[in-house]
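Asker: There's a structure below that I have some questions on.
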Amino acid sequence: MAADGAASEGQETSVEALRKEIESLKVKLDEERQKMNDVTLDKVAGRLEPCGPLNIKSRRVLKGHQGKVLALDWSLDKRHIVSSSQDGKMILWDAFTTNKEHAITMPTTWVMACSYAPSGNAVCCGGLDNKVTIYPLSLEEDMSAKKHTVGTHISYISCCCFPNSDQQILTGSGDATCALWDVESGSLLQNFVGHTADVMTLDLAPSETGNTFVSAGCDKTAMIWDMRTGSYVQTFEGPAADINTVKYYPSGDAIATGSDDATCRLFDLRADREVACYTKDSLIFGVNALDFSVSGRLLFAGYNDYTVNVWDSLKVQRITVLYGHDNRVSCLKMSPDGTAFCTGSWDFTLKVREGDPERKLVSPLVTSAKNLSTEHTFETKPSLMHRAETEPSATVSLTRDDALKLYRRMQTIRRMETAAGNLYKEKAIRGFCHLYSGQEANCVGMKAALIEGDSVITAYRCHGWTYEMGAAPKEVLAELTGKVSGCARGKGGSMHMYAPNFYGGNGIVGAQCPMGAGIALAHKYNKTGNVCLTLYGDGAANQGQLFEAMNMAALWDLPVIFICENNHYGMGTAVSRSSHNTDYYTRGDLIQGIKVDGMDVLAVREATRWAAEQCRNGNGPVVMETETYRYSGHSMSDPGTSYRTRAEIQEVRQNRDPITSFRDKILGADLVTADELKEMDTEIRKEIDDAVHAAKTDPEIGMEHLSYDIYSDDLGHNMVRGVSPFVQLPHKVTGQAVNRK
């Protein structure tokens, strides 16, 4: 026993010594590589013209899965796509028509990998059943009957592909191995052993012979393999976390990896080292999928924050950010001809996007002299529609001037509301105070869609709207402190503010809705061509007067947009506890409705434009729901954390904040510079500081003002339907004049 113990201890010592020697060799190898690092990739690419923003648009949305989409692949015919999902289905799509040509039920959920055969006559897949299965494609409805299990790993299959023919399948597995299988016999042709943890991804070298491939996984290592010998010929380390995706550069001379540390990295096979790292401080979520454009100039990467970031692979700069998914982007693949790419997401959908086919996603747009774009196209989350024949486009254009304006308006409201909260805590504000922080994209986006003469009426969370409709921050804050310089001379306070064509905040829950219908009736009667935005919260969505107003508006085709600002908590009650139907955009019954992402100012602007156009064309009214979020409690006496967690609030602040997300968009699109926004923030801070000073030091109104705006002895020359209310009119029966004074 003593001898066995001594032998075991000696073996452990030997292993530890070998481990230290390996680490020492790695350090020396890295030092030698650094000695040869005489130039960086971005310096070499310095002479290249910048690759400007791309006109990439979402062309198709493929809906049919009932679970998270985990993998996808294009057919070589450039038309068909296969996808697999957590719902245990593998669906074959026609990307042109969005039709589902086949839906195959799998023997397991979490089908983690799928691939088209080069001939297009078969697909293979694998997942938690540890098996790689091939399905011949035919016109028969039940293709499952013809399935053929090719091989089995001892753990899940994470990735698979056909290496240039229908006769072989290459797989990667959670058992830390890759394997090459013969399709016809099901025999194992080659086993690739070298990884020390789960293999998560692999890719074939872009060559006709296809003798090498790359794999990567949870050991944070990418390995180049020779399929003829079963040995790895190169290894690359760099990411500080699991590698989720790997892709060959189109020339075959480099590979790119994407990992959980929110970085993409480029490794040059000839230099045998990392040559580029694609990252930004604002990127904190992992990379799940990536692919190159056909030229290799662009690198598309799908992230856990629901976005696709597009990088200039040579200049190591981010070009743009694409939005549209509601959950993490789990897979991404470029079409064989490079004119489009498809993304799959945990939101159960796939999106096919493309740019100008003539450019094949590689040519830059024209930029200004300062290398700033004058205009950019963004993808927004598609709206949900109810009884509508048309819908707003999810592809939104934004000019540089509008980008600066929208950012300034939202940031001003945020700082103004922060100042209001501080004034309340200092007891400079008495009574009620309802803050709008977190919901800025709503009023700013809606106001950007209005034309001169359009009207707005809302509830008591009205500070932002008062500013948007023409009141200065000083007038808003002075109104809160009851000073004469306030927009209502200090008599209205937080809940009763007014501005041109803004009919105020209104304190009675839901009472503004019939008034909004009345304002719209006036617009229609006077044939002004204007609309009235009538806003209410989810807490007022069950009020009877709202439904009465909707009924009358529908009966008379009034140009009114009923807008539910759904921040999910009416006062302190979650919508699921107060409403049987929480799809508020459908609550108008036969009235057409639309639901939009209220945290995206561009989506709100486009949805409002669409709704206003419907009303101006005589197709009103419209019910609109904006899904938004307030950071503060219902009012200042509500801490806002008794019915929701601080973690929930923080998650929204970090991932969905309307201002920071918009800031990242316009910076990523090169519409503005960080210095411009920093200078603007400084200007806004000074403006709000001056407004706070005035709100504290301006005088209050005198006693003589108390009866103003209540009584009037003479209406002057005002006429009602062409008749003065002060003239004598003959009674239509007696014929006698009646003194109406």
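Even glycines carry a Cβ here, placed using N, Cα and C.
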Asker: Of 8-42, 638-672, which range does TrEMBL call coiled coil?
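Answerer: My reading of TrEMBL: the coiled coil range is 8-42.
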Asker: Let me spell it out: take the repeat 'WD' (150-191), skip the flanking residues so only those 6+ beyond its ends count, and list any with a Cβ under 8 Å from a Cβ in it.
Answerer: 71, 73, 110, 112-119, 121-122, 124-128, 130-134, 197-204, 208-210, 213, 215, 217, 219, 225, 227, 230
Asker: Report, as numbers and ranges, which residues of the same chain sit near the repeat 'WD' (236-277): CB under 8 Å and 6 or more residues beyond its ends.
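Answerer: The answer is 26, 33, 36-37, 40-42, 197, 200-207, 214-218, 220-224, 283-292, 294-296, 299, 301, 303, 311, 313, 316.
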Asker: Who are the chain neighbours of the repeat 'WD' (62-103) in space, where the CB to CB distance is under 8 Å and they lie at least 6 residues beyond its ends?
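Answerer: Answer is 109-116, 118, 120, 123, 125, 127, 135, 137, 143, 159, 161, 327, 330-331, 333-337, 339-340, 342, 344-346, 348-352.
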